[in-house]
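Here is what Swiss-Prot records for this protein:
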type	residues	note
DISULFID	C116-C130	disulfide bond
DISULFID	C123-C134	disulfide bond
DISULFID	C129-C139	disulfide bond
CARBOHYD	N20	N-linked glycosylation site
CARBOHYD	N24	N-linked glycosylation site
CARBOHYD	N36	N-linked glycosylation site
CARBOHYD	N48	N-linked glycosylation site
CARBOHYD	N52	N-linked glycosylation site
CARBOHYD	N110	N-linked glycosylation site
SIGNAL	1-18	signal peptide
Amino acid sequence: MNTCIQLLILCLVTVINSENSTDNSTENTIENEIENATETELSEAIENETENVTETELPETVETEIQTEAQNQPQIPKQKYCKSEGQYCSRTYFHRCCGNLVCQLHGFFNGTCVQCLAERKFCIWSSECCSRRCRLFRCRKNPYVQVIPY
């Protein structure tokens, strides 16, 4: 009886081992097929993509994108970050007046852009004053210009 049981156990172990080995071999085969399939499919896909693209397509695409972006951009003034006449200014780099305009201060770093500064306004340079005369940080009358009343 013992020998029969031993034979049965031996048969079962053999059958189980053979099933496991076939499972492993089928798993390996499936993995190899997947790897081979993906490599060939990938290379075919790359070949198809490169066949469809011509040399002239890329520069035209880039050129049209640049043109559309340029059309969407606002016109940039000659000086960046400058204010036009009548706008807020502060006599700083970030809020300065454009061109020959001058910032007429009304308070501490608070002013508006004007053509030139009137008499008794704060100035640094003579060119900022309408009279072209800046003394002691104030625009002064020009003694050489006389206003003749009618």
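Note: Cβ is positioned from N, Cα and C throughout, glycine not excepted.
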Check: min Cα-Cα distance from C130 (disulfide bond) over recorded positions N110, C123, C139 goes to C139
Three-state secondary structure of C130 (disulfide bond) from DSSP?
-> coil
For N110 (N-linked glycosylation site) and C123 (disulfide bond), what Cα-Cα distance in Å is obtained after rounding to a whole number?
-> 14
Find, for the listed disulfide-bonded residues C123, C130, C134, C139, the residue with the lowest Cβ contact count at a 10 Å cut-off, counting only other Cβ atoms.
-> C130
